[in-house]
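**Q** One structure, pasted below without further comment.
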Amino acid sequence: MNPEYDYLFKLLLIGDSGVGKSCLLLRFADDTYTESYISTIGVDFKIRTIELDGKTIKLQIWDTAGQERFRTITSSYYRGAHGIIVVYDVTDQESYANVKQWLQEIDRYASENVNKLLVGNKSDLTTKKVVDNTTAKEFADSLGIPFLETSAKNATNVEQAFMTMAAEIKKRMGPGAASGGERPNLKIDSTPVKQAGGGCC
């Protein structure tokens, strides 16, 4: 039996409300951008299949609500995640300060060896930037995780962010995980899909 992909990776986008998680997802999955901002209610997800080192990788990317009242809903989505992208807004110091809290959430709910990536979004707003690139890079280095500044609006580094994450997960899983490794995840990941629409009203 030959599946249409070699790997299935579940990724999460987390971070404060308004940092641009949904815009990053839209840019990567659909190559679109919208100025109209609507808060994600609970959880949304999109799928995109990529090629990496001759392998087909299906990325299932979950966009979680940043608001406090949805924390209990979204905590269950940490389970089974292979990679988590922590997003802050380079023009919002508070969203950067809260990265530490989001990392604590990962430690609390996600599997121990989950891959992490720190992303500073809205890099196109250069005149409003308050979080220094060097500061964020040093912080990410101290944690041993990759760091990128992105702009969903200009599509800067968006592709690179998701590709970096996919490459890191693939490297961690090793060649042995390719053919059979994703099948148990299919069972785990197929159940929340039904809840995504109705469970958050």
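A Cβ is built for glycine as well, from the same backbone N, Cα and C atoms used for every other residue.
So Swiss-Prot has the following annotated:
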- Met1: N-acetylmethionine (MOD_RES)
- 17-23, 33-36, 39-40, Gly66, 121-122, Asp124, 151-153: GTP binding site (BINDING)
- Ser22, Thr40, Asp63: Mg(2+) binding site (BINDING)
- 30-45: motif 'Switch 1' (MOTIF)
- 64-83: region 'Switch 2 region' (REGION)
- 65-80: motif 'Switch 2' (MOTIF)
- 173-201: region 'Disordered' (REGION)
- Cys200: S-geranylgeranyl cysteine (LIPID)
- Cys201: S-geranylgeranyl cysteine (LIPID)
- Cys201: cysteine methyl ester (MOD_RES)
**Q** Round to a whole number and give the Cα-to-Cα distance in Å for the pair Ser17 (GTP binding site) and Asp63 (Mg(2+) binding site).
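**A** Between the Cα atoms of Ser17 (GTP binding site) and Asp63 (Mg(2+) binding site), the distance comes to 11 Å.
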**Q** Please name which of the binding-site residues listed here, Glu35, Lys122, Ala152, is nearest in space to Asp63 (Mg(2+) binding site), Cα against Cα.
**A** Ala152
**Q** If you count other Cβ atoms within 10 Å of each one's Cβ, which of the binding-site residues Cys23, Ala152 has the most?
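**A** Top count of Cβ atoms within 10 Å goes to Ala152.
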**Q** For Asp63 (Mg(2+) binding site), what is the secondary structure by DSSP, using just helix, strand and coil?
**A** strand
**Q** Of Ser17, Ser22, which of the binding-site residues has the most Cβ neighbours inside 10 Å?
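**A** Of the binding-site residues Ser17, Ser22, the most buried by Cβ count within 10 Å is Ser22.
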**Q** To what whole number does the mean pLDDT across the motif 'Switch 2' (65-80) round?
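**A** Mean model confidence (pLDDT) across the motif 'Switch 2' (65-80) is 67.
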**Q** For Cys23 (GTP binding site), which DSSP three-state class applies?
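**A** Its secondary structure by DSSP: helix.
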**Q** Neighbour count, 10 Å Cβ-Cβ cut-off, for Gly20 (GTP binding site): what number do you get?
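**A** A 10 Å sphere around the Cβ of Gly20 (GTP binding site) contains 26 other Cβ atoms.
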**Q** To which of the binding-site residues Glu35, Asp63 does the lowest count of other Cβ atoms within 10 Å belong?
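**A** Among the binding-site residues Glu35, Asp63, the lowest count of other Cβ atoms within 10 Å belongs to Glu35.
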**Q** With Ser22 (Mg(2+) binding site) as the reference Cα, tell me which of the binding-site residues Glu35, Lys122, Ala152 is the closest one.
**A** Ala152
